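For reference, the structure discussed in these notes is given below.
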Amino acid sequence: MTNDAQPRTQWLGRWGFVLAATGSAVGLGNVWKFPYMTGEYGGGAFVLVYLACILALGVPVMMTEIALGRRGRGSPIDAIRRVAAESGGASLWSLLGWMAMLCGFMILCFYVVVAGWSFSYLWKMLSGGLAGSSVDDMAAIFGANNESPLNLGFWSTLVTLATMVIVGKGVQAGIEKSVSWMMPGMVVMLLIMIAYGAFSGGFGDALHFLFAFNAGSLSSEGMLAAMGHAFFTLSLASGAILTYGSYLPRNASIGRTTLTVAVADTLVALMAGLAIFPVIFANGMEPGSGPGLIFMSLPLAFQAMPLGTLFGVLFFIMLSMAALTSSISMVEATVSWLTDNKGISRRAAAWGTGIVLWIISTLAMLSFNVGAEWTLAGKHFFGWLDYLTSRWMMPLGGLGMVLLAGFVLKSETLREELGLSPAMHALWLFMVRYVSPLGIVVIFVDALGIATLDFGEQWPWLLLVLAVIAVIGELASPRLKRVLSA
Ligand code: TRP
């Protein structure tokens, strides 16, 4: 039984979903977060683990999520409950949907603050507020921008309003059109920055920093961060992709769609790295400067390059737009749940959500000025939102979804939904049953200090353990299915 009987909006064009999912995936995570995390965790090893996580966790989880959304035709909570029920699974599985919805909302609460940085830098570019010639000048400008809650609050409020206006207008009108010109624009801007970087003197160091993979050198903390970021950058386990999947027409190929989105997202992240690190090395800046990294480095490049102001303005327009296409995807789950279940209009749902968002995001914004001292275990509120979602909620949500798909759902359900060839289906099943769950568990075990793992040396053992678990799992899967469905 599928839920085609219920009318639900669908994407307009064949490319609608791909565009919207790419718009959700490509955002501040690629241009702001990926470079600064790579800088913080020391470069190549982080990049390598991140790429491995995209392949081994991101792609299988994204396929699963789209399939769950399309099969259940609803918000994460409703879709997961329906799909689980269809296979006789417990209604408790819908807790996964609740966690995803909460997670997307929590991310949004700090995301609008960072998007606000981008908007404020666009304004600074236009009004000439970025004059300065050294790293110290740029750090001072970034600091001053954060200092006043009124200033910073103005920008995050603006982002909140813009997000709600677009979401209130609905999926097709708001989302599809904006993404189709923004993505190419972003790529062109990054190419210009890379070309500039190639002549600026720091390019060799940047290449070395990003791609000198030495896998043994990453801390457990870094490994957990790389896994969390793989989920974050693909917008997984937080309701966005699942809800977008619920608008996907039956005839679209989930596998091909997922690969397109994952490849585009990864390319944009690597391009952002290649655009930003040459500037950092050429100016003797510290790669581990934290969340302000791109805002302190890129303006230096714009100052020095020909037509810099023009490119700077265009760059921050693109970044702000990329942030908006992501932020709208984070509220979509909540709004679709409210409209489906509470009988209120899309517009009312958007504004109701927006008010709560505004209050919490204002608290997050205060972490950079008056609330800097309000910390718990060394993290301020903004830091906690980021930490809880990326390190814990998304990986755990992803784990739940692959277990649901791998062991609980009837095998025909996903065979129908995914429509893969038998060999590809077997590969997908092997990934969601063993590779993805084990990867997530191993990284948690390592990060929690239950056991210290040295992947550089122990990977043959890990493969062996994986093989043994896979064999046992295949033999025990009927029973496992009964336990998990209970
Ligand atoms: N993927 C987006 C980025 O890289 C962030 C994002 C959008 C997101 N929607 C999400 C992250 C939902 C988690 C959940 O910027």
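Residue numbering: from 1, along the chain as shown.
Quick reminder: no glycine exception, Cβ is built from N, Cα and C everywhere.
Annotation comment: TrEMBL describes 12-32 (among others) as transmembrane segment. Beyond its flanks by at least six residues, the transmembrane segment (12-32) meets 111, 114-115, 118, 171-172, 175-176, 178-180, 182-183, 186, 229, 232-235, 240-241, 244-245, 247-248, 252, 257, 260-262, 264-265, 268-269, 272, 291, 293-294, 319, 322-323, 325-327, 329 of its own chain at Cβ-Cβ distances under 8 Å.
Long-range contacts of the transmembrane segment (44-69) within its own chain (CB-CB distance under 8 A, at least 6 residues past either end) are made by residues 34, 37-38, 76, 79-80, 83, 208-218, 222-223, 225-227, 229-231, 233-234, 236-237, 241-246, 248, 254-255, 257-259, 261-262, 265-266, 270, 273, 398, 401-402, 404-405, 414, 417-418, 428, 431-432, 435-436, 439-440. Taken from TrEMBL, the feature transmembrane segment applies to 44-69 (among others).
Under the heading transmembrane segment, TrEMBL lists 90-117 (among others). Outside the transmembrane segment (90-117), and at least 6 residues removed from its termini, the chain residues within Cβ reach (under 8 Å) are 27-28, 32, 75-81, 84, 145, 152, 155-160, 163, 232, 237-240, 242, 291, 295, 320, 323-324, 326-327, 329-331, 333-334, 337, 353, 357, 360-361, 363-365, 368, 382, 385-386, 388-389, 393-394, 396-397, 400-401, 404, 408, 485-486.
According to TrEMBL, the feature transmembrane segment maps to 152-171 (among others).
Same-chain residues lying 6 or more positions outside the transmembrane segment (183-203) and placing a CB less than 8 Å from one of its CB atoms are 19, 22-23, 26, 264, 268, 271-272, 274-283, 298, 301, 304-305, 311, 314-315, 317-319, 321-322. For 183-203 (among others), the entry in TrEMBL reads transmembrane segment.
Annotated transmembrane segment per TrEMBL: 223-247 (among others), in sequence order.
Residues annotated as transmembrane segment in TrEMBL: 259-281 (among others).
The transmembrane segment annotation in TrEMBL covers 301-328 (among others). Using a Cβ-Cβ cut-off under 8 Å and counting only residues 6 or more beyond its ends in the same chain, the transmembrane segment (301-328) has close neighbours at 20, 23-32, 108, 111-112, 114-115, 118-119, 121-122, 125-126, 130-133, 159, 162-163, 166-167, 174-175, 178-179, 182, 185-186, 189, 192-193, 196-197, 200, 235, 279.
Residues or ranges marked as transmembrane segment by TrEMBL: 349-372 (among others). If you look at the transmembrane segment (349-372), the same-chain residues 6 or more away from its ends with a CB under 8 A from one of its CBs are 105, 108-110, 112-113, 116, 146-149, 152-153, 156-157, 160-161, 163-164, 167-168, 331, 334-335, 338-339, 342, 380-383, 385.
The annotation transmembrane segment is assigned in TrEMBL to 392-409 (among others). Here the transmembrane segment (392-409) has Cβ contacts under 8 Å with residues 57, 60-61, 64-65, 67-68, 80, 83-84, 86-87, 89, 93, 96, 99-100, 102-103, 106, 227-228, 231-232, 236-238, 429, 431-433, 436-437, 440-441, 443-444, 477, 480-481, 484-485 of the same chain, all six or more residues outside its ends.
Residues annotated as transmembrane segment in TrEMBL: 430-453 (among others). When Cβ-Cβ distances below 8 Å are used as the criterion, the transmembrane segment (430-453) is approached by residues 53, 56-57, 59-61, 64, 220-221, 223-224, 227, 391, 395-396, 398-399, 402-403, 405-407, 462, 465-466, 469-470, 473, 477 of the same chain, each at least six residues removed from its ends.
Marked as transmembrane segment by TrEMBL: 459-477 (among others). Same-chain neighbours of the transmembrane segment (459-477): 407, 430, 433-435, 438, 442, 453, counting only residues six or more beyond its ends whose CB sits under 8 Å from a CB of the stretch.
Residues 8-11, 17, 20-21, 24-25, 29-30, 33-34, 37, 40-41, 46, 49-50, 53-54, 57-58, 61-62, 65-70, 72-76, 79-80, 97, 100-101, 103-104, 107, 171, 254, 261-262, 265, 269, 326, 329-330, 332-334, 336, 389-391, 393-398, 401, 439-440, 443-444, 446-447, 455 of the same chain, all 6+ positions outside the transmembrane segment (223-247), place their C-beta atoms under 8 angstroms from a C-beta of that stretch.
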